[in-house]
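TrEMBL lists 53-278 with the feature domain 'Membrane-associated sensor'. Annotation source TrEMBL lists transmembrane segment at 26-45, 57-74, 86-106, 126-143, 164-181, 201-220, 227-248, 254-275.
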């Protein structure tokens, strides 16, 4: 176990492998770029832009696929390593994908010329809240697990059933609440104006949750593992997404469009890391000199 933490070999997963100086620089540059772009766009966030009918379905489908691939890859990594903490990330990714599917079905005009296929006027904004919260909760559980029991493994005879069952139960409850019982939801969306979710304190609370998850990941040896670096980048991208979306205040604003791009970046991070693992698995192992030079 100790030896596997020392070198960037291809037979150890990103959660156990040290991050390199190049990886940290890349992540920090992307974080800084996201924050800088958010600050530049902030004064114009409420500017209304034309609607593009194909934009939201295309964007949403990309994010759904990204989270589904991420959940599958993290689940596969869990089966390989038996690391308990990875089960939380996998479950959160699948939960997020499911919530995004509901949001796509609830988007006005996505499938019907008039109205929406699922839910009511408040469904869309509340699903936005839940799907942005799910990655933060998953990463928070991951970080707490790694801090309390670093490298804890689930015995081979056990599986993801408990974690999966809990995620499914929460998903069903959320789905029923925002669709069947949509009329009981507090009003946060008035004809596309979702500014109430900011004034109510819900969106700022979501930002605090994301910040808490980011701090907990940072406390895991200061982003010493590769996976921690990219989880931190995903969280920063979501923080920027939420900030510019809240400043936009309504759908089809500049802030709303910019926020979708931040969410897209956040969703791509972890799947790309693990797809890179697939590519590296077919490359010759790096020499020790190459690994040391990269640090």
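Think of each number as a place in line: the chain as shown, counted from 1.
Just so it is clear, glycine is given a Cβ too, placed from its N, Cα and C backbone atoms.
Source: prediction; values computed, not measured.
Beyond the transmembrane segment (86-106), the same-chain residues lying 6 or more positions past its ends with a Cβ under 8 Å from any Cβ of the stretch are 15, 56-57, 60-61, 63-64, 67-68, 70-71, 74-75, 77-78, 116-119, 123-124, 127-128, 130-131, 134-135, 137-139, 141-142, 145, 154, 160, 163-164, 166-167, 170-171, 174-175, 178-179, 270.
Contact between the transmembrane segment (164-181) and the transmembrane segment (126-143) is supported by 3 or more Cβ pairs under 8 Å, counting only residues 6 or more apart in sequence. Under 8 Å from some Cβ of the transmembrane segment (254-275) lie the Cβ atoms of residues 14, 30, 34, 37-38, 41-42, 44-49, 55-56, 59, 62-63, 66-67, 69-70, 73-74, 77, 89, 93, 132, 135, 226-227, 230-231, 233-235, 237-238, 240-242, 244-248, all in the same chain and six or more residues away from its ends. Remote same-chain residues near the transmembrane segment (227-248) are listed as 13-15, 19, 23-24, 27, 30-31, 34-35, 37-38, 41-42, 45-46, 132, 135-136, 139, 142, 195, 197-198, 203, 206-207, 210-211, 213-214, 217-218, 220-221, 254-263, 265-267, 269-270, 273 (criterion: CB distance under 8 Å, separation of at least six residues from the stretch ends).
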